[in-house]
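Below is one structure, written out as structure tokens; comments come after it.
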Amino acid sequence: MLDPTPGRVPLLRAAAVSKSFPGTKALDAVDFTLGAGEVHALLGENGAGKSTLVKCLTGAYRRDGGEIRLNGTSIDPRDTLHAQRLGIGTVYQEVNLLSNLTIAENLFLGHQPTWLGFVSTRRMNRDARALTAQYGLDIDVTRSLGSYSVAVQQIVAIARAVRLSGKVLILDEPTASLDAHEVDVLFEAIRGLKERGLGIVFISHFLDQVFRISDRITVLRNGRLVGAEDTASLDRLRLVNMMLGRQLEEETRQTGKTGMRYDAEPRLRFTGFGRRGRIAPFDLPIQRGEVVGVAGLLGSGRTETAEVLFGVYPHDSGTATKENRALSLGSTRAAVAAGFGFLPEDRKTDGIIGELSIRENIALALQARIGWARPLSIKRQRIMADDFIRRLDIRTSDAEKPVGQLSGGNQQKVMLARWLATNPEFLILDEPTRGIDVGAHAEIIRLIEELCEDGMSLLVISSELEELVVYSHRVIVVRDRAHVAELVGEDITTETIVNAIARTPVRTSEAAEATI
Amino acid sequence: MNARTLPLLATVLIFIIAYALCYLQFPAILSTRVVGNLLTDNAFLGIVAVGMTFVIISGGIDLSVGSVIAFSGVFIAVMLRDTGLGPWPVFALLLVITTLFGAAMGATIHFLQMPPFIVTLAGMFLARGMAYVLSIDSVPINDETISVLQRLYWLMPGKGRLTLIGGLMLVVVVVGIIVAQRTRFGTNVYALGGGAQTARLMGVPVARTTMQVYAVSGFLAGLSGIVFAIYTSAGYSLATVGVELDAIAAVVIGGTLLTGGSGFVAGTLIGVLIMGLIQTYIIFDGTLSSWWTKIAIGMLLLGFIVLQKALVWAGGRRTEAAAGKG
């Protein structure tokens, strides 16, 4: 591969770094090269391996294979503190500083200037003022960190990381909770560091910001390196393609499912449905036996659409009808009562109860629906569980095994079984194939197709575009928290989806700046 | 207004107002004699409350200190009675024991990931039990040195006596303030209270600091036991029951957040003095039942907890507003 600065040793070079977790290969021989004075964006969807790579670089994880060289010397950071001493500092989205301490204390914690063993507060505060001034901050360093905005806290975190490490700075989603003006302040600080010769790794899912600040872009997908290119030579379309689509093989180009008839009254019709700050109002009719795919980049409003539909965050505008009758939604209870099911993206935190058995996990939603006053007998639960274990091919010794001991794909099937037990009419699946192995992947796709043949309506969110193309009758494209395009039947190809996602949006940051 | 110092200012203000009200009714309460007695009578509580301040700022709690004081008294009395050791070696030995006892509790809390409440509760029973093992009865102390120490005082202007133990408490408070504000250990304690996980990521030696915090509390509980033995000239295993709760009350009234991360040693001294003042007032009045002390302290405590909650709430809203607007 091309070296960004030929003839010179790059500041940081990771070669063929690998990392596996039980059941998944999180990083598969990934190369990454960072030059001095370079802002290098690291992009990829959830589960692409960005954070695993960063954690290998900062010592939070020990890599399984490969080599990391800093200034030409091989390093093997044991933990984040060790990485920091070697010269690699990290700043996370949630500011990892102590809001109860003063700005100066946060900057110098563990390294306070002392005199005869006592902390010299005056000198510490003077140094802190000088340090924050370098970053363009004019603040009272003796006040507690918590009394300042997230942007200031973020810059203080950067100042601390740079002071302690000084060679490589990794910024993990630093702008996620900042407004447009604060982003400008942060970028100004980043440019200053770049001039001082630091290498900066910038992780963000805001493509506008990536194009504004970065010199070079590395894209990961499913734990593999897709490519590394200079930002100037990349356009939005090609970047989104790298992030979402495999290189298309012309011959086997596939399109979405056809044959869905849209002249009948839909089973469900959402009109002007939305919630401020989450997803702009949208219209969404869904037919019996239809699979509607939702495509978009991370943070674009995919999951938000599902959460508002299911009432996790109640809608504040719009109406819903079911077979022409008004439907009152607004809570998950109401959604379940209306025959909805929702398989969330992060099954570990949002759905699966690892300590309970497969049988108990499957019985949960049905039990909730019929009410706790009429408990399902153990016998009926067992019959039901055995039935789903057979139908969904859940690999387990028996139904009493705690779900936490199953592999990711089988956990996903248990979650699916939980909702299928309630016999839903409308099932929402958020990234159903995330983090599961290839075999289970194909089985889940087959299941989705079977369910829709049985007449169930499905809304499936996925960042795997090939997958969406395979099973969707219709694909909704979301961008910047709004539904921006709809593709039907033959029009659905990975290419059309990527085009719709990448179409340069109205510069939202400019619009935001104008209103401030 | 700085949210960090607001609880402390509130405490100081309440103390001044309370003292002024008492003064209006009993002008003698401002005399150095009363002040001297106030310091002497609350010396053991003040010392142990300084240790408790460190523990609470670090986000923990130490329920063992009351029992450790009782154990210390019995230990001193029994050792002086049954062995040939003089008071100074006994004091030194005791301080080593209680410091190690605290450090062991800190180690248990950190390495076994146990809640401080449970570990120090066990420590409370253990120390009280050890006191019973040494002696069930009250053991008088008939040592020449100790009665000399008891009688030592500095005559303040106005004929008030600042006794040795009262003075020792003030010294402990001053040293506590310096350690909390001017050493890396002090900052580490605040950092721990702000969030142990974050503190670890920032390089704070969490294990060492946790052990040190409880060791400091154990040391000061032992010192407080020595002061209490000098004060009462006896060691009794049933003494100082519930003193840990008085210490916690003094710390909270002194403006330290029970959630950890914020507070001042100086505030704790004021907290102890407020509690002592209420007691003194009731003695001056003569008609009130001494239980009114507990009721007044209860009300104050409730008031301060509500104040803290309000401050935390207001702080949260401000940060939110700042994050929203920038």
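From the backbone N, Cα and C atoms, a Cβ is placed for every residue, glycine too.
Where the annotation comes from TrEMBL, it is an automatic prediction and has not been curated.
Some features that TrEMBL has for this protein:
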- B:6-26: transmembrane segment (TRANSMEM)
- B:38-57: transmembrane segment (TRANSMEM)
- B:63-80: transmembrane segment (TRANSMEM)
- B:92-112: transmembrane segment (TRANSMEM)
- B:118-141: transmembrane segment (TRANSMEM)
- B:162-180: transmembrane segment (TRANSMEM)
- B:211-231: transmembrane segment (TRANSMEM)
- B:238-258: transmembrane segment (TRANSMEM)
- B:264-284: transmembrane segment (TRANSMEM)
- B:296-316: transmembrane segment (TRANSMEM)
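Contact between the transmembrane segment (B:264-284) and the transmembrane segment (B:38-57) is supported by 3 or more Cβ pairs under 8 Å, counting only residues 6 or more apart in sequence. Contact check: the transmembrane segment (B:238-258) against the transmembrane segment (B:92-112) gives fewer than three Cβ pairs closer than 8 Å, residues 6 or more apart, which falls short of the contact criterion. The largest share of C-beta pairs under 8 angstroms with the transmembrane segment (B:162-180) comes from B:38-57, of the ranges B:38-57, B:63-80, B:92-112, B:118-141, B:211-231. Taking Cβ pairs closer than 8 Å, the transmembrane segment (B:118-141) reaches residues 60-64, 66-68, 70-71, 73-78, 80-81, 101, 105, 108-109, 214, 229, 233-237, 244 in its own chain, all 6 or more past its ends. With a cut-off of 8 Å between Cβ atoms, the residues of this chain six or more beyond the transmembrane segment (B:38-57) that come close are 65, 69, 116, 161-163, 165-170, 172-173, 176, 180, 189-190, 193, 213-214, 216-221, 223-225, 227-228, 231, 240, 243-244, 246-248, 250-252, 254, 256-258, 260-265, 267-269, 271-273, 275-277, 279-280. Long-range contacts of the transmembrane segment (B:6-26) within the same chain: residues 253-257, 262-264, 266-267, 270-271, 273-274, 277-278, 280-281, 284, 300, 304, 307-308, 311, each at least 6 residues beyond the stretch ends and with a Cβ under 8 Å from a Cβ of the stretch.
Same-chain neighbours of the transmembrane segment (B:92-112): 60, 62, 64, 68, 71-72, 75-76, 79, 85, 119-120, 123, 127, 206-207, 210-219, 221-223, 225-226, counting only residues six or more beyond its ends whose CB sits under 8 Å from a CB of the stretch.
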